[in-house]
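Participant: Not my notes, these are from Swiss-Prot:
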- H266: active site, proton donor (ACT_SITE)
- H79, H239, D243: Zn(2+) binding site (BINDING)
Amino acid sequence: MIRQRTLKTSVQATGVGLHSGRKVTMTFRPAPVNTGIVYLRTDLDPVVALPANADQVRDTVLCTALVNEAGVRVSTIEHLSAALAGMGIDNLYVEVDAPEIPVMDGSAHPFIYLLQEVGIREQNAAKQFVRIKQSIRVEDGDKWAEFHPYRNGFKMDLEIDFQHPVFEGRNQRCVLDFSGASFVKEISRARTFGFMRDIEYLRSQNLALGGSLENAVVLDDYRVLNEDGLRCEDEFVKHKMLDAIGDLYMCNRSIIGEFRAYKTGHALNNKLLRALLAKQEAWELVTFEGEGAKAPIAYYDNGLVLA
């Protein structure tokens with residue numbers, strides 16, 4: 001049986017919010033079966049819980065944010081969400097003492113490190129997957145995103161299109177099949193990126209206040225400003241993949257199917273996920289409970305403990 005997963009024990013980290021610039025303390029705590037991913041604002045009295053849910057994503061300006069009916073939010077959850085998806089974590093409490101998840105180094109890798117540090121515990125309940133049965137497509141101008149049936153696991157085909165000297169001659173398309181490819185190896189270290197020409201405006205809107213060369217790839221009109229350059233040749237498109245993985249994990253389940261997109265972003269990713277979930281005949285929940293069942297997606301499995 002492919003089982004649900006949580007952590008063996010709790011772990012804590014401190015960082016800076018990308019947009020708020022505020023110091024944030026974040027704690028991961030194990031959660032019981034069928035809990036899902038739940039964000040907890042511990043700086044509020046009483047503590048406010050915001051479960052990961054596609055319908056609760058109410059702000060997608062430069063990040064993905066969960067916002068409840070009272071306006072309480074947890075922003076910039078996409079990189080952590082991608083790490084949880086990549087590690088196959090089903091149940092977790094994420095405590096934060098601020099309205100934003102810390103940006104760390106701008107990728108999912110520091111979150112992966114924290115999860116690996118304490119280890120994963122398999123739980124005594126079957127892991128549920130969302131399997132795509134019918135194709136779904138959403139558009140916004142020339143941008144589009146779509147799901148297609150793909151029974152062998154989860155496959156991504158994503159293309160970006162930036163008109164900038166750094167992108168010229170660089171591969172802006174990436175195709176990965178996660179039935180064999182590892183999220184940790186292929187995607188997790190790709191950092192968020194931005195342009196110097198946008199920063200002054202963003203900061204005037206109280207955004208990107210915590211952004212720096214330590215947690216983002218920054219480009220001027222001609223080149224990458226980070227002294228160490230890029231972590232891989234296709235870091236830009238792979239970071240967009242990372243964002244999409246995090247955005248699509250707002251359904252709290254891994255997806256069995258193919259995701260294709262052109263110039264997508266947080267808003268379009270969420271729009272696609274909502275369109276899928278609203279069309280009940282387009283998907284089904286499946287489990288793998290037979291003896292010796294194999295997961296259709298390659299998850300990190302070092303140091304697993306069975307609950």
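Glycine residues also receive a Cβ, built from the backbone N, Cα and C atoms like all the rest.
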Participant: Near H266 (active site, proton donor), which residues of its own chain have a C-beta under 8 A away, given they sit six or more steps off in sequence?
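Facilitator: For H266 (active site, proton donor), the qualifying residues are T60, L62, C63, T64, E78, D243, D247.
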Participant: According to DSSP, collapsed to three classes, what secondary structure does H79 (Zn(2+) binding site) have?
Facilitator: helix
Participant: Would you list, in sequence order, the residues of this chain other than H79, H239, D243 that have their CB within 8 A of the centroid of the site's CB atoms, where the site is the one recorded for Zn(2+)?
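Facilitator: Apart from the listed residues, the neighbours are E78, A82, S107, A108, A190, R191, T192, K240, M241, L242, G246.
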Participant: Report, as a single number, how many Cβ atoms besides its own are within 10 Å of the Cβ of H239 (Zn(2+) binding site).
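Facilitator: Taking every protein chain into account, the count is 25.
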Participant: Specify the count of other C-beta atoms within 10 Å of the C-beta of H79 (Zn(2+) binding site).
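Facilitator: There are 31 such Cβ atoms around H79 (Zn(2+) binding site).
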Participant: On the three-state reduction of DSSP, what should I expect for the residue listed as 'active site, proton donor'?
Facilitator: helix
Participant: What is the Cβ neighbour count of D243 (Zn(2+) binding site) at a 10 Å cut-off, with all protein chains included?
Facilitator: 24
